[in-house]
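Here is the structure we will look at, set down as structure tokens.
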There are 2 protein chains.
Amino acid sequence: MNLSFLLTQGIPTSLALAVVGLAFAILLIRNVMGASAGNEKMAEIGGAIQQGAKAYLNRQIRAVSLIAVVIFVAVYFIRGGLASAGFVVGAVCSLVAGYIGMMVAVRANVRTAWAARIGAHPALKIAFNGGAVTGLLVVALGLLSVGLFFLVVEKMYSTKASIDALIGLALGSSLISVFARLGGGIYTKAADVGADLVGKIEQNLNEDDPRNPATIADNVGDNVGDCAGMAADVFETYAVSLIGALFVGHLTAPEGNHAVLVYPFVLCGLSIIASLLGIGWVNFVKQKATPALVGGVAVSGIVAAILFKFATSAIFTAPVTMAGIAVTPSALFYCTLIGLALTFAVVWITNYFTSTAHNPVRRIAKASETGHATNIIAGISVGHHATLLPVLCIAASIWTCWDLAGLYGIAIAVVSMLSLSGIIISLDAFGPITDNAGGIAVMSGLPEDVRKITDELDAVGNTMKAVTKGYAIASAGLAAMVLFGSYVEELKSFLKLDEVVFDLMNPKVIIGMFIGGLLPYLFTAFGMDAVGSAAGAVVLEVRRQIALKPGILNGTEKPEYGQCVDIVTKAALQQMIVPALLPIVFVVGVAFLGKEALGGLLIGTIVTGLFVGIAMTSAGGAWDNAKKYVEEGNHGGKGSFAHAAAVTGDTVGDPYKDTSGPAVNPMIKVVNVLAILVIPLFFK
Amino acid sequence: MNLSFLLTQGIPTSLALAVVGLAFAILLIRNVMGASAGNEKMAEIGGAIQQGAKAYLNRQIRAVSLIAVVIFVAVYFIRGGLASAGFVVGAVCSLVAGYIGMMVAVRANVRTAWAARIGAHPALKIAFNGGAVTGLLVVALGLLSVGLFFLVVEKMYSTKASIDALIGLALGSSLISVFARLGGGIYTKAADVGADLVGKIEQNLNEDDPRNPATIADNVGDNVGDCAGMAADVFETYAVSLIGALFVGHLTAPEGNHAVLVYPFVLCGLSIIASLLGIGWVNFVKQKATPALVGGVAVSGIVAAILFKFATSAIFTAPVTMAGIAVTPSALFYCTLIGLALTFAVVWITNYFTSTAHNPVRRIAKASETGHATNIIAGISVGHHATLLPVLCIAASIWTCWDLAGLYGIAIAVVSMLSLSGIIISLDAFGPITDNAGGIAVMSGLPEDVRKITDELDAVGNTMKAVTKGYAIASAGLAAMVLFGSYVEELKSFLKLDEVVFDLMNPKVIIGMFIGGLLPYLFTAFGMDAVGSAAGAVVLEVRRQIALKPGILNGTEKPEYGQCVDIVTKAALQQMIVPALLPIVFVVGVAFLGKEALGGLLIGTIVTGLFVGIAMTSAGGAWDNAKKYVEEGNHGGKGSFAHAAAVTGDTVGDPYKDTSGPAVNPMIKVVNVLAILVIPLFFK
């Protein structure tokens, strides 16, 4: 295969592949929308969910826009017009990816429920394709926004100007995704926790019982949190990793070497082909849900690896000397393999810690027999244990990639890892769609066997959601390391220094690390607070409605769903502001202490952020499935003492795994991007 | 005042002061033992507690001795005979401090209960003096062991040989204290959680109800965990901080400068006077418990500051150049003030986060209204929030001390901070004594008003226990920083290098930090597991006894207390082994990756350890007091829905604040001491 054109035309080629991805996303939208949306009752419920989700997202955009304008102006003054234009591009694309993905998801849910009347595979297809729309949008938009912006600015000005301006794009996407993750996360879990506390525990109602006034808010939450929030988050990691690779390539390779800039784009472009094949696999190979989905990911991974091999040989014909290290083509190819391998390793590990088939979840379920407290103790312990293997894998990847190709090698591994986002997010977004489908089936009174099918798909969706969180945090950690390297290289370049040392014996570095280590702790604390207090407000509202209209409980009176939707919408918007602004306050505050302190801050945030993120998402997933395991009839099953304890664990796990934990990912990158951004302001 | 003899005779003088402290400890033991031990029923209960505590500690010593022998041999081969002799001294003194302190505490408890018949102040005096025995023993033994060992070896060999051998003493005390903290922590909380889960929640029994078969085990636990464990822990921090200051002074000051070695000893010696005056204050100024205790600490702090001023001028008459910094006498004096100020700041902050008078605890109490899960969410959030101020204070102290006097300045601040241990531990050990006194009062059927007095003292004891934990973790963090500096200086000296750089851009450093960051997570996870599983075993045993002898519940049959004591004894001894050996495995494993990776490991452990430690101890204290706040009649009071949720939080908080959280303190120091120890083995 003669691919030598890739060196000169690699970026346009990758953009063309992104357009192909976009075209397939539109095809999938048509495919999903072509399915029947079911009966009138379903349309009513689906419409309420759509309306709530749209209303929330619109209000979120308004709230964020105000802050974005301020930051836009700041970026303009610090980094000039190009960077501020990049900021707008990054912010808008991040929003669009989340928005469209969510709008498809809220339409796929009713259709999945209806298709489940026919069978499991038709339902799986619609739910998965609904999710795949988000997956393809994220990678296509990510690649197009970074690539077009880079090419246009390079053409108008210079490569250097273009790379410099990308910092704006990175900040725009990171900032939006912090808000989307936090706001969406607070929304979904406040509604979920509130609905469960009063519905399941006090009134003994089932999940999604239409008599629960918070049930629509709960379903809206799945979409604004798990769809829109996740999409913005991974869009950001994807775009920022690509930009990080460009930074590192540009700053460390010999001037004028274009191959190191083309390469990450080509990896991303080729992965779109790999993702499309994976999506095709899930659609056309009729299997049960789990093997079909796992097969899709495996196909994507294998195809990507093969394509990467050819692309690497085509783009690099000789070693490149970067930061003093001679980097060979095969070394770079091995780095892409490490990225793919890390993806599979983290997915496997997270699955071990969060699936009902393995010891950790079963241990939590068993601990529920002795009560609420032992369930919680066991869950927290599982979260802590779950940090071991991912962190060791990340450390091993850093070590090997550095040895092979220095900082650029790590950057390439991250790009390779994230190039699979297309298929990985398809799995993730599949979760909330089936979750909603189940809710709609119950609320609209579809036959029992429909609910059975959606329940099965929902269980698969839960595991997929858990494992993609492991993927998101591991890739975020590695991407943040690349950004830290970019910060250092940018400092050297800006201050015209041969070396900047961040020595652990320098007290400024240590102080920076302590303060940086604080950020994930404070940030997650605010997230938990927000969910706790908003959920409390939902509980009070539901109790109020039931007291006012006792007919709600026997189905003779209709609850006011809108009230609960309104409460969580307001709470989420209000309470996302302070934590989302924390990174700005910390970075600017510590920048006054000097560049060494700021470097320490970045690493401190990455280190504790990685642990907090992995521990929280793993514990949350494990609690969730421990409850499911008990509900399957173990340790007394539904209604038992152990079940009550397991529900408590699940509820505590909700903000762990869906609000605070995952929001750490974009946060640690915002911090790093901000640090790069403010270099000209503070260090002269 | 002419104190110029301090420069030449400072170490003997400080040892003489230590002997004075020891003499007062013996006086206090006589004072406590002179009080009446009450009636026969009380003697029986007190005897059972004494017997259980003694049996446990003896078995713990046997278990630890086996491991200690292996490590003794390893130390001998790595560092020679002197260091291994030091290892024995450190290990034995650490054990003795805990042992004697505990033996006095288990005798003070009955006497406190009996004295409470007369009034609050007599009871306060006995409980406090019982605790003060431990406080004085810890500082006197710490000072004597380090000082005598130093002087003897210096006399026989040389200053350098003596300082080198002290690493063995540091390791001995650290290692024992990890075991004591973990074993004692697992014991006390397994018994407490088990007793509560089945007693309070299932059977609706009160705390310390003699019908609960786990109640004696619970009372034994207070002594082996809160007395013996805490004493070993602070003994270790005290000894290791002193040794750290000697290391840093020896390695960075001009050769032959004796002042920098004498100074830390003198600070410790003078503080014994300060502590004695504080203890006198509590005994002779008749006030309510809280103002009396706070007054005692304030007196100690002020006296210490004044004495430090004179001592500094006497020992240092001119600036000393250390590691390139000219350190003035007044700079050193300011460092001692920073150490004292940090003590008060951390005590104040911890009090804010864990006292019923302030917002954090009340927020948890309020969250209990909506159930178990919101209580837990609120508590975890409080723990995370509670890290902010202590970490900022620690960072500020590092910054200022470094600026004033470099690494030696930090070492002096730590010594100054820990020199107050005498009075601080008196407060802490006061807690379990009053807790036990209350239990004995209930079990032996003393009148209601006795219980009221012990309950009031117990509430004060709870707050004191919480604040001293903040003190312990803050000082441990700072002491560990000094040890890290010692590691670096020792490396430089051993490898004859002018500089060893631990650059954050070195992937080995980063990998080391990630792996080091893991340690506190894994370590605490094992601690939580141990408590969870042992508590589960207690629950099953109590259920078994009640099923077998239904008469237990109406008081016609006597429970078999010994069974529960036996279960937790075995569980604690078995389950402390793995986590206590983790630091050794990690240090040796990472040492293979090189000195930079090992340096990264040390800092990684300190950073996450500080956060995990503060978050866990604060959340645990806050949960405990939130339950008390509800029991005072708020949010529905005892027996309400909110109370059940608050009990869950308190139970989760038990292993947080008394097992995993505080055990992090000695662990982060063991890691650092081990790293120093293995330098000759790995880096040549």
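Cβ atoms here come from the backbone N, Cα and C positions, even for glycine.
According to TrEMBL, the protein has these features:
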type: TRANSMEM; residues: B:61-78; note: transmembrane segment
type: TRANSMEM; residues: B:85-106; note: transmembrane segment
type: TRANSMEM; residues: B:126-153; note: transmembrane segment
type: TRANSMEM; residues: B:165-187; note: transmembrane segment
type: TRANSMEM; residues: B:261-285; note: transmembrane segment
type: TRANSMEM; residues: B:331-354; note: transmembrane segment
type: TRANSMEM; residues: B:405-427; note: transmembrane segment
type: SITE; residues: B:LYS465; note: site 'Determinant of potassium independence'
type: TRANSMEM; residues: B:471-489; note: transmembrane segment
type: TRANSMEM; residues: B:509-540; note: transmembrane segment
type: TRANSMEM; residues: B:576-594; note: transmembrane segment
type: TRANSMEM; residues: B:600-623; note: transmembrane segment
type: TRANSMEM; residues: B:666-683; note: transmembrane segment
Long-range Cβ neighbours of the transmembrane segment (B:85-106) (under 8 Å; 6 or more residues past either end): 29, 32, 46, 49-50, 53-54, 57, 61, 68, 71-72, 75, 130-131, 133-134, 137-138, 141-142, 144-145, 149, 165-177, 180, 223-224, 227-229, 231-232, 235-236, 239, 429, 432-433, 436
Considering only the recorded stretches B:126-153, B:261-285, B:471-489, B:509-540, state which has the highest number of Cβ pairs under 8 Å to the transmembrane segment (B:405-427). B:261-285
Name the range, of those listed as B:126-153, B:331-354, B:666-683, that has the largest tally of Cβ pairs under 8 Å with the transmembrane segment (B:61-78). B:666-683
Looking at Cβ-Cβ distances, which residues of the chain lie under 8 angstroms from B:LYS465 (site 'Determinant of potassium independence') while being 6 or more apart from it? B:ASP226, B:ASP428, B:GLY431, B:PRO432, B:GLY621
Which of B:126-153, B:261-285, B:331-354, B:471-489, B:600-623 contacts the transmembrane segment (B:165-187) most, counting Cβ pairs under 8 Å: B:126-153
Under 8 Å between C-beta atoms and at least six residues away from its ends: which parts of the chain pack against the transmembrane segment (B:471-489)? 230, 233-234, 237, 240-241, 244-245, 247-248, 251-252, 342-343, 346-347, 350, 390, 393-394, 397-398, 407, 410-411, 413-414, 417-418, 424, 500, 502, 598-599, 602-603, 605-606, 609-610, 613-614, 617, 661-662, 664-666, 668-669, 671-673, 675-676, 679
